[in-house]
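Taken from TrEMBL as is:
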REGION    350-386  region 'Disordered'
TRANSMEM  35-54  transmembrane segment
TRANSMEM  74-92  transmembrane segment
TRANSMEM  104-122  transmembrane segment
TRANSMEM  134-154  transmembrane segment
TRANSMEM  161-180  transmembrane segment
TRANSMEM  192-210  transmembrane segment
TRANSMEM  222-243  transmembrane segment
TRANSMEM  255-275  transmembrane segment
TRANSMEM  287-308  transmembrane segment
TRANSMEM  314-336  transmembrane segment
Amino acid sequence: MMMSVVSTVESVPRGTGTPAPSLYQRIRRVLTRDLLVTLALGQVLSLLVCAISLTSKYLADDFHANTPVFQSFLNYILLFLVYTTTLAVRQGEGNLLAILKQRWWKYMILGLIDIEANYLVLKAYQYTTLSSVQLLDCFVIPVVLLLSWFFLLVRYKAVHFVGAGLCLLGVGCMVGADFLLGRQQGLGEEKLFGDLLVLGGATLYGISNVCEEFIVKNLSRVEFLGMMGLFGSFFSGIQLAIMEHKELLKVPWDWQIGLLYVGFSAFMFCLYSFMPVVIKRTSATSVNLSLLTADLYCFFCGLFLFHYKFSGLYLLSFLIIILGLVLYSTSSTYVAQDPRVYKQFRNTGGQPATDQPPLGTGDLEPSVTYTSLGPEAGDELPVRVA
């Protein structure tokens, strides 16, 4: 004999039972441990970007070592020695030869994009100011947002756009401070050319970061870095031999220049190795928003190294950017995985995707996957089951 049980659910009116949470409890609910760890990881990346910018500026300005391709080449060689060799000794589908057989041309294109992104930004240091490079590089934010929306099918909420807007507002405060303190004296047409190089490099960085996010979340971090080391060292070596061999011979080599090159290579290697870890935990958009604070770290270093003038607007800028990061990270994004438009990077030529059947006329909406840094901030109504 089958017995059916019917349960009725009634909402308990607000104001009865549990008292309203205090301000401290609300702050604790928003600033979770996962959120604070994520913010800290982003700031580590930001400090690495600051160190890379400073060493590049020293090489270009103080020692007239204008070798952006050679600087990137050293980083790709390190990636090759560590990660490409790791893939070479692997067994099975993760082996270097197996990866190259399936998707070599995709990594070749991605490697070229990454090389030219580094080249354009590093080349810009020869023509424009350090602050201009850091500020215009934030153009990567709208690029990543658009590419994530159309190609990764990431769907954002209003709070994400508000958070990103606050971060860009913080950058605007820093631009205003630079203008008021006279740090943006133009270098004529050369400065305009340098600014255009930064914008081009930021666009390519956005493409590279979105591809990196897909690869590390669906394939592996070691595969991405190994392929970047393989194709990056190959093509940057060719570009170095064609475009920069004369500049390399003009470098007045001494222990200071050698130390700067070693430091730059170490910082770049750490950035490349650590960024996929943070991107896998969050997203390419969140990482690039975190990197906006590198502008402030460069300024704080410039107070001692370049004798910059201080302004309270810089601290306000830093606080606004951090506030935007917190706001962006407190809510989750979601990914609508529609088999009709979501093309898997791992698909090999001629092999149809078998894990997701084609949609028919009677199928429902595409599946939705939620990704979050922590629990949602919304409160649930208490319920009573009768």
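Going from the start of the chain as shown, residues are counted 1 onward.
Backbone N, Cα and C atoms are what each Cβ position is placed from, and that goes for glycine too.
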Listed stretch, out of 74-92, 134-154, 161-180, 222-243, 287-308, that has the most CB pairs under 8 angstroms to the transmembrane segment (192-210):
134-154
Please report, as numbers and ranges, the same-chain residues at least 6 past the borders of the transmembrane segment (104-122) whose CB is under 8 Å from any CB of it.
56, 68-69, 71-72, 75-76, 133, 137, 197-198, 200-202, 204-205, 207-208, 211, 227-228, 230-232, 234-236, 239, 345
Other than its close neighbours in sequence, what residues sit by the transmembrane segment (287-308), given a CB gap under 8 Å and a spacing of at least six beyond its ends?
39, 41-43, 45-47, 49-50, 53-54, 130-131, 134-135, 138, 140-141, 144, 163-164, 167-168, 170-171, 174, 181, 183, 206, 209, 275, 278-279, 314, 317-318, 321-322, 324-325, 328
The transmembrane segment (35-54): which same-chain residues, six or more beyond its ends, come within Cβ distance under 8 Å?
125, 130, 133-134, 263-264, 267-268, 270-271, 274-275, 277-278, 281-282, 286-287, 289-294, 297-298, 301, 305, 322, 325-326, 329-330, 373-374
Would you say the transmembrane segment (255-275) and the transmembrane segment (134-154) are touching, if the rule is that at least three C-beta pairs must lie under 8 angstroms and be 6 or more residues apart?
no
Would you kindly check 161-180, 255-275, 314-336 and say which stretch has the most C-beta pairs under 8 angstroms to the transmembrane segment (74-92)?
255-275
Other parts of the chain folded back onto the transmembrane segment (161-180), taken as Cβ under 8 Å at six or more residues beyond its ends:
131, 135, 138, 141, 145, 285, 289, 292, 295-296, 299, 311, 313-314, 316-321, 323-329
